[in-house]
Amino acid sequence: MAELKQLYIFTDGSCLGNPGPGGYGVVMKYKHQQHEIADGFSLTTNNRMELLAPIIALETLYEPCNIILTSDSQYMRQGIMTWIHGWKKKGWITSTKQPVKNVDLWKRLDAVSQLHKIDWHWVKGHAGHIENERCDVLARKAAEAKPQQVDTGYNPE
């Protein structure tokens, strides 16, 4: 079996108002190459953007990879590493017997992450981590750009 390519992915989400206009930012590194992705939505939440960032990054890959994925979102990291197993067993119901919020994105993240070997890392936001700061700028600019794109999965309660 061929050795998997080693990638480093950094992600962040931003929302102005929460809910409000939102965006995500991604920095992907492979060897000496760096690629950035960002996009915005007219109405969404911070948590949805924190989930969408790694989804978009992973969906751009065309082959299985060994990935170190770094985010400042404990919600995303805890969810994909710990909570999701119970949610799936209970039919996407939380421990408090409520439907899992953002289930559309959790299902996408679960599916796309199965294709890769991923180490999920957390970094404190706004603490000077170069790639996290860059993702924050990308996400904020995408949110501030008056995006017209609709987050079809956003469901205000």
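Glycine residues also receive a Cβ, built from the backbone N, Cα and C atoms like all the rest.
Swiss-Prot lists Glu50, Asp72 as Mg(2+) 1-binding residues, and of the candidates Asp12, Asp104, Asp110 the one it assigns to that same site is Asp12. Asp136 (Mg(2+) 2 binding site) is 10 Å away from Asp72 (Mg(2+) 1 binding site) when you measure Cα to Cα. Neighbour counts of Cβ atoms within 10 Å were compared for the binding-site residues Asp12, Glu50, Asp72, Asp136, and the top value is held by Asp12. With helix defined as DSSP H, G or I and strand as E or B, the domain 'RNase H type-1' (3-144) counts 56 helix, 49 strand, 37 coil. Glu50 (Mg(2+) 1 binding site) sits 11 Å from Asp136 (Mg(2+) 2 binding site), taking the C-alpha atoms as the reference points. This prediction places the mean pLDDT of the domain 'RNase H type-1' (3-144) at 97.
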